[in-house]
Amino acid sequence: MVVFIGEEAIDEGGLTKEFFLLLLREILDPKYGMFKFYEESRVDWFNSNSFEEPVMFYLIGCLCGLAIYNSTIIVLNFPLALYKKLLKRSPDFEDLKELMPQLGRGLEQMMDYEEDDFEDVFCQTFEISVESFGEVKNVELCKGGSKKPVTKSNRKEYLDLYISYIFNESIEKQYTAFSDGFLKVCDSKVLELFHPLELQSMVIGNENYDFHILEKNTEYKGEYHRYHPTIKIFWDVFHDLSIEQKKKFLLFLTGSDRIPILGMETIKVIIQPTQGGESYLPVAHTCFNILDLPTYEDKQTLKDKLILAIEHTQGFGIV
């Protein structure tokens, strides 16, 4: 059971979801140096230059495993390559292009080049340049790589070694500890039943948003029903929100802005009236996906109060 100090809520699942959300968001922050955020692809990956001891990556792996064990969708901006590795499958060229699109395009040009002046055009050896603490250093992909030219006949070998370096050798210590922690909690034999994409969706949910399905699945209590004036105003306001605001509402109501692997149909929402006038904000009970909605009569008031509520979702204080 999770308890937030100074807050009144009892954990029926919602606090657990927010615990994992806030903790993992903080841990993955690049300021700690454990993970690197790639601006171009908008994904995180292990920082090969991290000073942290392996035990820290082990603990993060345990946390991710515990999130799955607790059926909690978490925000992990890792590429598909992570889930391939957890399932003992090798990342490939598509994974490299997902992580580093610009590098991928350059390597793709090299792989597609068929002219006879290949070596003169690319002037490449089996040595790559990587950044380390603000400086560039050279790394051989194989023994004697700095003196081994890349040719049309061996370029596939070069590509395979490059991919392996990025996803294996360069982060071996960090990933091994993370994997050990993850598999300590999650049964590897059960995981083997999943495809990498399925495992990824199970961990982070999906983004196939169809908010009309959410409206269709919503139940009402008390005086509320689908044709009640306040409810009609609510859905008019909701569907006019931007996609980012709708995702914030989902986070506000359920504790996650992602959708479970089985889709939006599995999210059951209850909207019920609450005592108090239009000066009160909507209140969410994330443990049960219940929204306490005051009986607003004015569309602009409802919109202002709803946006104010969803913009301040962190924590479980009572409004």
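Keep in mind that glycine also has a Cβ here, set from the backbone N, Cα and C atoms.
Here is what TrEMBL records for this protein:
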- CYS287: active site, glycyl thioester intermediate (ACT_SITE)
- 1-319: domain 'HECT' (DOMAIN)
- 55-80: transmembrane segment (TRANSMEM)
Positions whose Cβ lies under 8 angstroms from the transmembrane segment (55-80), at least six residues beyond its ends: 16-17, 20-21, 23-25, 27-28, 34, 37, 41-46, 95, 98-99, 174-175, 177-186, 196-197, 200, 202-205, 256-260
Integer average pLDDT (0 to 100) for the domain 'HECT' (1-319): 87
Cβ neighbours of the residue listed as 'active site, glycyl thioester intermediate' where a neighbour is any other Cβ within 10 Å: 18
